Amino acid sequence: MTLLRLAWRNVLRHRRRALLLSLVVGYVTLAVLFMLGFLDGYGESLVESYARYVEAPVVVAPKAWWQDPDPQSGFKAPFRVDHPGVLAQTPRLALPVLLRSPYKAHGAEALGVDPGGERALSRVPSKVAEGRFLAGPGEVVLGYRLAERLDVRLGERLVVETGRKALGLRVVGILRAGVSNVDFAGVYLHLEDARSLTGVWATHLALEAPRGQEEALAQELNRRLPPGLEARGIWSLMGPIRADYEASRLFYLPLLGLFLFLAAIAVASTAYVSVRERLREFAVAESLGLAPWRLAGQVALEAALASGLGLAAGLLGGYALLWYTATHDVFGPLMRLSAELLPEAGLAEHLYTAVRPGYALVAALVVGLSALLALLFPGRLLLRMEVSAYLKEV
Amino acid sequence: MLRLAWRNLLRTPGRSLTTGGVVALVVFLSILFLSVYGGAMDAFFRLLLERTGHLVVRVAGYRDLEDLDRLAFVPPALDLPPGAQVEGVLEGVALVIAGDRSRPASLTGLTEPGFLRQKRLLKAGRLPQGPGEALLGEALARALRVGLGEEVVVYAPGGLGLGIVALRVVGLLDLPETSLEARTLLLPLADAQALLAPGRVTRLEVRLPEVGLYQLAPLEALKARLAAGLPGLSVETWLEANPTYAAILPLYDVVMAVYLGFFFVLAGLILLNALYLSLVERVREFGLMAALGLSGSQVMALVFWESLLLVGGAALVGLGLGLLLYLELKEGFRLPFPQWILEQYREFGLPEVLYGRLGVKEVLLTLGYSVGVALGAALWPAWLARRLEPVEAMRYVP
């Protein structure tokens with residue numbers, strides 16, 4: 001306790017110096033918090049997009065369909081997954097089609113859905129900007145950008161062709177989901193219509209899983225499902241954009257480590273000057289019986305306290321910044337441009353940073369690093385100190 | 001003053017080396033990031049230019065038009081400079097049917113030069129040599145379960161042409177983006193016209209020899225000349241024809257400048273800390289110099305010179321190392337990510353091998369930041385040194 005009080009007093013002896021160090025450590029803490037929040041926010045936005053709009057938390061399909069996603073590789077007969085971890089499930093039928101409006105033709109992958117089952121799993125039904133979601137066969141709902149390209153409006157008819165069969169459907173809803181795949185390419189028709197076009201029951205089963213347990217549930221199901229079927233969790237369903245997320249983590253995490261290290265160097269550098277200024281003081285303390293390793297420990301404690309001040313300031317500023325970017329659409333323009341550029345990537349138009357208490361622990365590494373470096377460099381000065389030489393100084 | 005500043009830096013070699021090392025590291029990383037980012041952007045845009053041509057001629061107001069009748073036009077003769085090439089392209093959408101399978105596809109009718117450009121993407125087979133032959137994206141062929149020599153029926157209703165045609169698959173294409181590969185069908189322009197719009201094209205692509213990636217001035221000049229003689233048609237540079245991509249270019253400059261700023265602020269704070277420590281250690285010395293007649297502005301100048309020398313030397317070291325690495329990068333490199341990530345990046349049009357690019361603008365940006373950091377960090381310590389009272393400073397005990 002005495003050591004702590006002594007260290008604290010020494011930190012406060014040079015307030016300007018302590019303030020400067022706080023600025024360095026605070027800045028690094030803020031950068032670490034923001035970057036971690038941004039990366040996690042990006043990941044969460046991708047999970048949200050794919051789990052609630054583009055795919056589902058977990059998807060079960062015949063292995064043949066995963067290899068060759070043609071309707072003919074789908075389920076020929078009704079199938080249901082019985083597992084307590086599955087909170088809801090609904091069959092879906094994905095089919096490649098040619099859409100023909102009175103003015104234009106367009107190729108797309110249509111999704112045959114059961115409107116009731118879909119509401120339990122997906123947010124798409126709640127994102128109808130004009131009209132309504134599907135109520136029965138003979139209807140189709142389109143993403144707004146696709147509707148613009150096809151030049152179709154609510155109430156108009158659209159021909160859906162598969163090459164073997166065709167159906168005339170009425171446009172009953174226009175979607176505005178804020179997720180690129182839905183808005184640019186979303187085509188939803190009733191499951192019964194999709195079945196009549198393809199002759200199969202469904203291509204895959206979409207399952208609801210507890211948040212964060214999607215991959216575990218998929219693995220568990222893979223142990224229990226009949227042979228020939230395979231379950232995939234949300235991260236496996238994501239496609240190429242997952243690589244961008246993983247690459248961002250691989251790139252930024254070492255960079256954050258470097259930031260923390262540089263801040264710790266600044267702290268150790270200040271501690272070095274502070275020790276050199278006080279060598280006589282330390283010599284007196286040692287001659288009075290304080291062991292050199294305890295003196296070195298005191299220096300490490302001072303470094304930890306000085307960086308702790310900056311950490312506290314950085315945490316305050318960092319969490320305030322994260323709170324702001326988690327509640328305001330700061331990255332909206334950037335995300336909208338990215339979605340425009342990569343319409344098939346499944347990017348959402350909005351990105352909000354994540355706010356997690358665990359970031360503080362990562363940022364707190366700077367305190368440990370500072371103490372370690374202070375022990376290694378200025379601390380070593382004390383361990384090598386010739387007490388008699390400094391006591392003789394005038 | 002310069003010699004005095006230099007001597008002062010050498011008095012604390014450990015601290016000078018550490019602080020200079022941080023600045024050099026930041027400059028080195030900046031040069032590295034800018035080279036890599038520039039290389040990635042170049043690869044992205046080069047692919048776009050290759051697909052679009054330098055100038056694109058389309059029907060005026062084509063962005064608001066949806067039907068092929070109004071998008072297709074009879075290609076006029078263009079007055080082009082020597083060496084320039086023009087190619088007619090007809091694009092449309094169709095359902096490609098093979099046996100009991102079908103897939104929607106984007107049809108592109110090309111002339112011979114257009115096919116020749118696809119040669120390096122040819123995974124199997126050959127280029128079409130006559131009517132009735134087509135190239136399919138490998139993923140599309142796999143989805144349709146067709147191979148070389150087999151026939152597909154292309155169904156494209158609603159146009160001015162026949163609306164249906166049978167084509168023999170003579171080649172398979174391996175495109176960087178699987179999603180594009182799964183919907184690509186290339187056929188001779190004459191076949192596409194018979195199917196969709198006889199005698200017409202949806203765009204003319206103009207390619208100019210020896211015009212660099214970002215050389216827009218000669219394109220603008222030719223565009224102005226061509227546009228005057230093409231009523232009802234619009235002429236666009238490749239960037240204008242891709243407005244979303246065009247929006248990225250200025251954004252890229254801002255994002256990179258802000259990005260580097262984060263690093264330099266950290267370097268600046270560490271430098272500020274080092275300069276302040278140096279000042280604190282030499283308070284008595286500054287007091288003595290002031291007592292001997294050094295003016296306040298001279299004291300300030302000394303601190304600024306120390307900062308400039310330290311940052312300048314470190315920046316030159318960082319820049320030198322960065323340029324050495326850049327020389328390696330410009331010969332080609334792979335991003336240091338696992339192979340699966342690099343393969344997935346191909347889906348966004350980013351090739352596995354990139355070529356670093358560093359321009360004068362990027363070097364000046366880095367050096368500008370360095371000088372800014374040197375001056376900005378020295379401001380407060382210099383001001384403190386100037387305000388020292390000689391008598392008090394000489395009695396100063398840390």
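Cβ atoms here come from the backbone N, Cα and C positions, even for glycine.
According to TrEMBL:
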TRANSMEM  A:20-39  transmembrane segment
DOMAIN    A:29-221  domain 'MacB-like periplasmic core'
TRANSMEM  A:250-273  transmembrane segment
DOMAIN    A:256-386  domain 'ABC3 transporter permease C-terminal'
TRANSMEM  A:303-326  transmembrane segment
TRANSMEM  A:359-383  transmembrane segment
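Taking Cβ pairs closer than 8 Å, the transmembrane segment (A:359-383) reaches residues 25, 28-29, 32-33, 36-37, 256, 260-261, 263-265, 267-268, 271-272, 274-276, 279, 282, 286, 292-293, 295-297, 299-304, 306-308, 310-311, 314-315, 318, 322 in its own chain, all 6 or more past its ends. Sorting each residue of the domain 'ABC3 transporter permease C-terminal' (A:256-386) by its DSSP state yields 101 helix, 1 strand, 29 coil. Mean pLDDT for the domain 'MacB-like periplasmic core' (A:29-221) in the predicted structure: 94.
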